[in-house]
Amino acid sequence: MNIYIDNKKYEIKEGKNLLEACLQLGLNLPYFCWHPALGSVGACRQCAIKLYKDEDDTKGRLVMGCMEPVRENVRISLEDSDAKGFREQVIGWLMTNHPHDCAVCDEGGSCHLQDMTVMAGHNYRDYRFTKRTYNNQDLGPFLNHEMNRCIQCYRCVRYYKDYAGGKDLDVFAAHNHVYFGRCGDGKLESEFSGNLAEVCPTGVFTDKTLQSHYTRKWDLTYAPSICQGCSLGCNVSAGERYGTLRQIANRYNGEVNGYFLCDRGRYGYEFVNSQQRIYEPAIRPHSNGTVNKEHIIEVVAEKIKKGKVIGIGSPRASLESNFALKQLVGTDNFYLGMSDSDHDHTGLALKILKEGPVRTPSLHEMEQADAVLILGEDITNTAPLMALAVRQAARQQPIHDTEQQLHLAPWQDAPMREAIQDKKGPLFILNTFPTKLDELATAIHRGAPDNLARIAFALAAKLGADITPVSDLHEDEKELVTRMADALMAAKSSLIIAGYGSGCDHFMKAAANISWALQQQGRTPMLSLTLPECNSLGLEILGGHRLDSAIDVVKQGEADTIIILENDLYRRADEHVIDEMFKHAKEVILVDHLYNQTAEKATVILPAGTFAEADGTLVNNEGRAQRFFQVFVPKGSVQESWRWFLQIADKAIIPRLNGLQNLDDIIWAMCVAVPFLEKVQQIAPHADFRINGQKIPRESHRYSGRTANLAKENVSEPKPSDDIDTPLSFTMEGYRGEPPAPLIPYFWSPGWNSVQSVNKYQTEIGGHLHGGDPGLRLLEPHVNGKPHYFREAPDHFVPIPGHVQVMPMYNIFGSEELSMYTKGIAQSSQDFFCMYMNPEDMHQWGVSPGIWVSFDVDHHTYQMVAVPNHWLPRGIAALNAGLPKSKIIDLPQCIRLCGSESLHIAR
Amino acid sequence: MFSLLRSMWLVFLHMFHKRETYQYPEEKAPLPARWRGRIALTRDPDGGERCVGCYLCAAACPVDCISLQATEAPDGRRYPSFFRINFSRCIFCGFCEEACPTYAIQLLPDFEIAEYDRQNLVYEKEDLLINSQGKYPGYNYYRVAGMAIGGKDKGDAAKEEPPVDVKSLLP
């Protein structure tokens with residue numbers, strides 16, 4: 001479609017509005033209320049342009065760019081003096097009450113309002129009268145509130161309520177007194193509240209964790225990174241200053257996280273700066289003097305040569321580190337450091353995705369689904385951003401209907417919401433506990449996981465899957481099956497979600513069956529499976545033995561030296577099991593970055609780099625391999641885990657790792673050894689990549705303090721560190737243009753200092769980045785493969801007398817190991833460790849609430865406080881999974897109730 | 001020949017001119033108030049630190065010789081937890097002073113900061129902070145800024161209305 005802007009002809013895709021068109025063409029048009037993910041409402045009047053009737057029209061009329069669709073041969077002008085004057089006036093008005101705050105405002109330097117004020121040409125304040133003020137609220141540990149700065153664009157409530165489904169942020173008061181906040185002080189309840197800091201065009205909502213070590217955007221050393229918080233692999237930009245990580249900002253990826261992050265991902269970075277960090281190697285019992293790097297490498301190499309060695313990998317370490325360890329100890333001696341149930345789930349997921357005919361979608365594709373079925377998974381807590389995607393998917397069907405009936409474009413946000421009201425597309429949730437998505441659901445069903453899985457199997461059978469039919473369903477369950485089957489068959493692209501969250505792998509099997517059956521019916525379903533950790537799938541692809549066989553091997557004396565990679569084994573199996581293993585081991589060599597319970601048992605500790613101090617590759621739940629890059633040069637002897645292993649292998653003379661030195665070497669070796677990972681070599685440019693002979697700088701061109709940062713120690717500046725592993729440089733020198741998508745350290749464009757500059761990096765607004773979104777999918781569906789259905793549904797759940805089946809309960813704040821080092825996240829988590837039980841069970845066994853109950857696990861007695869939970873079916877109990885210092889890890893498991901003590905604990 | 005004699009004559013006349021040479025260091029040259037010399041951090045009329053740690057001086061500095069870390073006091077005032085200027089790099093261009101939104105950083109008419117050891121030219125905050133308002137007496141940034149600090153609540157700053165009552169619908 002052709003359009004004319006200032007008499008110049010441009011080509012643009014249909015279905016956009018003129019503001020999007022201008023931004024996409026690289027033209028600068030200021031805006032506030034429009035946001036690529038939220039659509040247009042035409043409220044701020046900032047994107048005014050002149051629209052002409054035809055070629056002869058010289059007068060034209062002012063219209064709002066965001067409210068006017070692109071039409072064939074439409075003629076507009078941005079440069080017209082009326083339009084420019086109007087925009088300057090408008091921003092002048094918006095600025096009347098804006099305080100004289102920039103110097104003390106955390107948004108300064110990455111502020112959309114600053115950028116737009118300059119862009120619109122409002123250079124001097126004309127307003128000399130009194131300014132309106134507001135009192136602020138305490139919004140909890142993640143966000144600051146400074147209402148004086150508000151320009152009433154309404155983006156915050158549109159994002160928080162309409163997009164993210166939050167309830168507790170709203171607009172209050174009237175006329176020129178409108179107030180954006182909560183009813184009273186308190187933490188924002190939504191798991192996606194942190195995005196307000198980026199959605200707000202000015203400094204009303206700012207990142208509180210950044211404020212605690214405040215640095216301007218131009219002073220941060222950024223590198224493209226991948227979130228370590230869950231299996232979705234959201235893209236982030238991690239920023240460092242003075243040797244500590246300061247901020248996680250969203251890094252747009254059109255396929256994965258788009259414009260938003262969850263709060264665990266955004267704020268869960270503070271473990272990098274933790275007091276618990278290991279910076280120097282250590283040997284126990286203590287050797288004389290300090291251990292230097294060369295010496296400890298020799299010591300470890302010696303121990304490896306002498307001992308019978310096994311290696312335990314980690315789902316939170318990169319592919320490279322796991323591969324290096326696997327090669328160091330030999331394939332037969334490599335064990336996956338996942339709990340057995342995690343291992344089962346991940347293995348099953350990999351099998352389903354690899355062998356099945358159904359495609360697993362990216363988050364962006366999930367947003368487009370028009371019918372969703374969630375099986376046994378509270379995705380808000382196990383894969384938070386997936387929940388945000390499902391919230392958008394629930395609107396797809398009404399949006400399609402409205403588009404056809406009323407001829408509204410989807411970006412027409414206000415009329416679209418008016419037309420849709422609270423209509424929702426089909427969303428079915430089968431889960432034991434209530435979830436935050438229940439409010440959107442067409443139908444919800446609760447019960448024991450096995451019983452819910454039976455319903456899902458019945459649904460698969462109904463859709464024509466070749467499985468053993470499930471009988472003895474209740475009438476209402478049968479009706480639900482019919483409803484779900486009808487909705488899924490009617491949908492253009494349905495989405496089936498299952499995962500590890502309930503600890504019951506029948507859900508994944510049922511989800512696979514359902515999606516395969518739909519595929520065979522000629523539908524195009526999507527199947528998404530959540531996984532426990534950021535590299536669970538990568539580790540499973542790499543392959544290794546189970547953790548419990550490692551324990552057996554050590555106990556039987558077939559191995560005496562254990563090398564543990566970035567793993568706290570006390571989070572992988574019950575305490576007594578790991579204690580037993582360490583008792584039998586002669587040497588425990590730990591490569592990790594945090595001093596944890598496992599580190600206390602280690603005889604050798606090597607300091608590993610966190611995601612901010614290392615390069616590596618992760619594979620997310622979609623099978624997308626993504627590279628994260630080192631942000632800064634760490635203190636002490638910290639280096640990448642794989643580099644430790646390469647250096648040890650060099651000393652111990654392990655031919656499998658011979659001659660490998662840097663990142664590209666180990667990736668090459670990995671791709672040769674595991675051909676399935678072939679594409680990992682192509683996900684980012686190699687270390688010798690240059691543009692105009694230059695590296696890509698991690699620092700902005702305004703980076704300050706180069707000659708003063710280290711002057712206290714020595715006035716002569718040291719040579720900046722070289723990065724031998726990647727095409728990024730640790731300095732501000734380098735190529736200043738747009739880097740390739742996988743190497744974009746931060747988004748910036750002349751005149752666009754805030755994160756809104758991402759428009760300049762996209763081929764289409766809200767679309768892919770130039771040159772394609774970073775990351776490559778390793779898993780594609782086996783299109784012509786005949787699905788091997790999981791034929792047997794689980795049996796009906798029957799409680800075993802005197803026993804409870806314990807299932808895990810995951811929480812966005814608390815269940816993930818590393819994010820708990822952030823104070824705000826620890827505050828937001830469940831602060832006590834207890835056993836949730838069915839109240840009738842408790843009554844039957846004479847357990848009153850708040851009493852210590854003893855449980856027997858493999859003849860080891862554990863005690864916990866019993867708390868009633870009405871959602872739990874009889875015979876089932878639940879534990880908050882992953883809380884620090886939890887002793888029962890391997891969930892689900894059947895444990896025996898020994899009795900209760902009358903010792904009452906005041907809660 | 002003539003020009004030679006003329007030059008000699010002019011030189012001879014200079015013997016009777018007023019002397020421009022100052023016998024430094026015994027005699028100090030009077031420097032104008034806006035002379036760009038040693039950099040100092042000044043205080044506001046209440047005696048509080050003027051610097052709010054906005055990083056603009058550091059960003060403006062063409063030789064990148066300013067380094068600081070902003071932090072916030074319990075009463076809401078922002079201040080630099082450290083502030084370092086490497087005078088061995090400083091070119092006394094005065095950009096930092098121009099960039100400063102709070103009149104905190106000022107260049108003073110003092111150039112006598114030579115050192116034998118280059119390391120001594122690295123000035124920390126305790127070396128830079130002076131007990132004076134410098135060239136701009138009377139200015140207090142927090143009196144015009146919208147942030148509330150201890151002793152100055154919302155609506156107390158210059159040209160501010162009292163905070164909005166969100167429960168009122170009155171015009």
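In case you wondered, yes, glycine gets a Cβ from its N, Cα and C as well.
Keep in mind that what you see is a predicted model, and the values were worked out from it rather than measured.
So that you can see what the record holds, here are the features copied from TrEMBL:
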type	residues	note
BINDING	B:Cys51, B:Cys54, B:Cys57, B:Cys100	[4Fe-4S] cluster 1 binding site
BINDING	B:Cys61, B:Cys90, B:Cys93, B:Cys96	[4Fe-4S] cluster 2 binding site
DOMAIN	B:39-71	domain '4Fe-4S ferredoxin-type'
DOMAIN	B:81-110	domain '4Fe-4S ferredoxin-type'
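Annotated features, which come from TrEMBL, shown on the structure.
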residue	record	Cβ within 10 Å
B:Cys51	[4Fe-4S] cluster 1 binding site	27
B:Cys54	[4Fe-4S] cluster 1 binding site	26
B:Cys57	[4Fe-4S] cluster 1 binding site	25
B:Cys61	[4Fe-4S] cluster 2 binding site	25
B:Cys90	[4Fe-4S] cluster 2 binding site	22
B:Cys93	[4Fe-4S] cluster 2 binding site	14
B:Cys96	[4Fe-4S] cluster 2 binding site	24
B:Cys100	[4Fe-4S] cluster 1 binding site	23
Subject >> Interface-proximal binding-site residues, chain A, C-beta separation under 8 A, candidates B:Cys51, B:Cys54, B:Cys93 >> reply: B:Cys54
Subject >> Folded-back contacts onto the domain '4Fe-4S ferredoxin-type' (B:39-71), same chain, C-beta under 8 angstroms, at least six residues removed >> reply: 77-93, 95-108, 123, 125, 128-134, 136-142
**OP:** Among B:Cys51, B:Cys54, B:Cys57, these being the binding-site residues, pick the one whose CA is nearest to that of B:Cys96 ([4Fe-4S] cluster 2 binding site).
**Re:** B:Cys57
Original post:
Of all the binding-site residues given, namely B:Cys61, B:Cys90, B:Cys93, which is spatially nearest to B:Cys100 ([4Fe-4S] cluster 1 binding site) at the Cα level?
Top reply: B:Cys61
Original post:
How do the residues of the domain '4Fe-4S ferredoxin-type' (B:39-71) split into helix, strand and coil according to DSSP?
Top reply: 5 helix, 11 strand, 17 coil
Original post:
Within 8 Å of the Cβ centre of B:Cys61, B:Cys90, B:Cys93, B:Cys96, which other residues of the chain have their Cβ, at the recorded [4Fe-4S] cluster 2 site?
Top reply: B:Ile39, B:Cys57, B:Ala60, B:Pro62, B:Val63, B:Cys65, B:Ile66, B:Ile85, B:Ile91, B:Phe92, B:Gly94, B:Phe95
Original post:
Where B:Cys51 ([4Fe-4S] cluster 1 binding site) and B:Cys61 ([4Fe-4S] cluster 2 binding site) are concerned, what is their Cα separation in Å, rounded?
Top reply: 16
Original post:
In Å, rounded, how far does the Cα of B:Cys93 ([4Fe-4S] cluster 2 binding site) sit from the Cα of B:Cys57 ([4Fe-4S] cluster 1 binding site)?
Top reply: 11
Original post:
Any idea what the Cα distance is from B:Cys57 ([4Fe-4S] cluster 1 binding site) over to B:Cys90 ([4Fe-4S] cluster 2 binding site), rounded to a whole Å?
Top reply: 12
Subject >> Nearest-integer angstrom distance between the alpha carbons (Cα) of B:Cys54 ([4Fe-4S] cluster 1 binding site) and B:Cys61 ([4Fe-4S] cluster 2 binding site) >> reply: 13
Original post:
Per DSSP, how many helix, strand and coil residues does the domain '4Fe-4S ferredoxin-type' (B:81-110) have?
Top reply: 5 helix, 9 strand, 16 coil
